[in-house]
Amino acid sequence: MREVISIHIGQAGIQVGNACWELYCLEHGIQPDGQMPSDKTIGGGDDAFNTFFSETGAGKHVPRCIFLDLEPTVVDEVRTGTYRQLFHPEQLISGKEDAANNFARGHYTIGKEIVDLALDRIRKLADNCTGLQGFLVFNAVGGGTGSGLGSLLLERLSVDYGKKSKLGFTVYPSPQVSTAVVEPYNSVLSTHSLLEHTDVAVMLDNEAIYDICRRSLDIERPTYTNLNRLIAQVISSLTASLRFDGALNVDITEFQTNLVPYPRIHFMLSSYAPIISAEKAYHEQLSVAEITNAAFEPASMMVKCDPRHGKYMACCLMYRGDVVPKDVNASVATIKTKRTIQFVDWCPTGFKCGINYQPPTVVPGGDLAKVQRAVCMISNSTAIGEIFSRLDHKFDLMYAKRAFVHWYVGEGMEEGEFSEAREDLAALEKDFEEVGAESAEGAGEGEGEEY
């Protein structure tokens, strides 16, 4: 078996996690108490969904995941929520006082006390696997726990499980919508560690997903539940081929191989189509070509970033439902002829496709319509550089005046860490510029030292 362990850190990580496990359970027909009437092999078996769920002798299915937060309220919602019987109590770990939006608290003072407990639980989950293929890590980098404890845990996972893949689903601060003043500090400090310790990071931001909810689903005032259910669809599409048997299956490590041209350039855009409300879906059924085009629309991106400002390096299309390879090839061929969608000249093929025959599932009473086919795209574009430039600019404005820095230093950080992280991101911006540079020959000389 190729098992995957999910790690949900901080409020954002946990709430996205809730939405994901809710959706997985619906997709596999697992009840909130972990029973699965359709499952004939009791106690394990080689069903594809065992990559994400382990089975007890009593036929209960337990998610292979942990929820981790420095304060109890969010984890308590899981402990008392609909799916409280699904999780083993040891999988839900919470501390007493939160990180207070402070990276240093999450990474040094408070995070340090809880991280060993978390690693201990992860070790138990890992021992329960026959062939662990990697970790999915869910966090946001604007707050204190997701950024500080998140990066601390990733660093420790690199030490303990060096060769295993780590995929991050990371919520970045949005350009306009802000939840904390010190977001730029936390995200820069955290990205510094993500650069080294994740293999692929899929970037998300709330503002982009708010806009999608407003525009495509006609939700006037989207809540986090609306956003998280949308994110869950994306993550479900990515992991569908690990959980179901399909025609063109995609392994976690395959994402890495196909999407990451250079180790540092591993931050991905994601999009999902079709996003339509139930009222509209009643009147239209979308073809493979239409949903493929929709996935490339700048407005479909789950992070505020316009791919037209850069070039694609690689792109992974995961189809599910009623889709055959012939349609996919035709759609991809059409995309390649479009002038607006440009690839770098050193990557001529650029597409990796996966097909899974399990049609998309929707949460009953949710916003999304039940459709016959859907596609999720993860792409590596040079335009992602603009997200980092935006963050760095905000960081610089504050750091020039050393505003708020004393809070971090007071928790045991050194000022040198700020400048080190900032220099690392400056180098990253430069990497993006070089990769997008016009010709492959010109870039060749400069890149010799770098990689």
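For all residues, glycine too, the Cβ spot is worked out from N, Cα and C.
Counting every protein chain shown, 20 other Cβ atoms lie within 10 Å of the Cβ of Asn228 (GTP binding site). The feature GTP binding site is assigned by Swiss-Prot to Gln11, Glu71, Gly144, Thr145, Thr179, Asn206, Asn228, with similarity to another entry given as support.
Per Swiss-Prot, N6-acetyllysine is recorded for Lys40, and the stated evidence type is experimental evidence. Lys40 (N6-acetyllysine) counts 8 other C-beta atoms within 10 Å of its own C-beta, drawing on all protein chains shown.
Secondary structure at Glu71 (GTP binding site), as computed by DSSP, is coil. Residues or ranges marked as Mg(2+) binding site in Swiss-Prot (evidence: similarity to another entry): Glu71.
Every protein chain shown contributes to the tally, and the Cβ of Glu254 (active site) ends up with 15 other Cβ atoms within 10 Å. Mapped onto three states, the DSSP output places Glu254 (active site) in helix. Positions annotated as active site by Swiss-Prot: Glu254.
Annotation comment: Swiss-Prot describes Tyr451 as site 'Involved in polymerization'.
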Where the distance is taken from Cα to Cα, which of the binding-site residues Glu71, Thr179, Asn206, Asn228 turns out closest to Glu254 (active site)?
Asn228
What is the separation, in Å, between the Cα atoms of Glu71 (GTP binding site) and Lys40 (N6-acetyllysine)?
40
Reduce the DSSP letter at Asn228 (GTP binding site) to three states and note it down.
helix
Could you tell me which of these binding-site residues, Gln11, Thr145, Thr179, Asn206, has the fewest other Cβ atoms within 10 Å of its Cβ?
Thr179
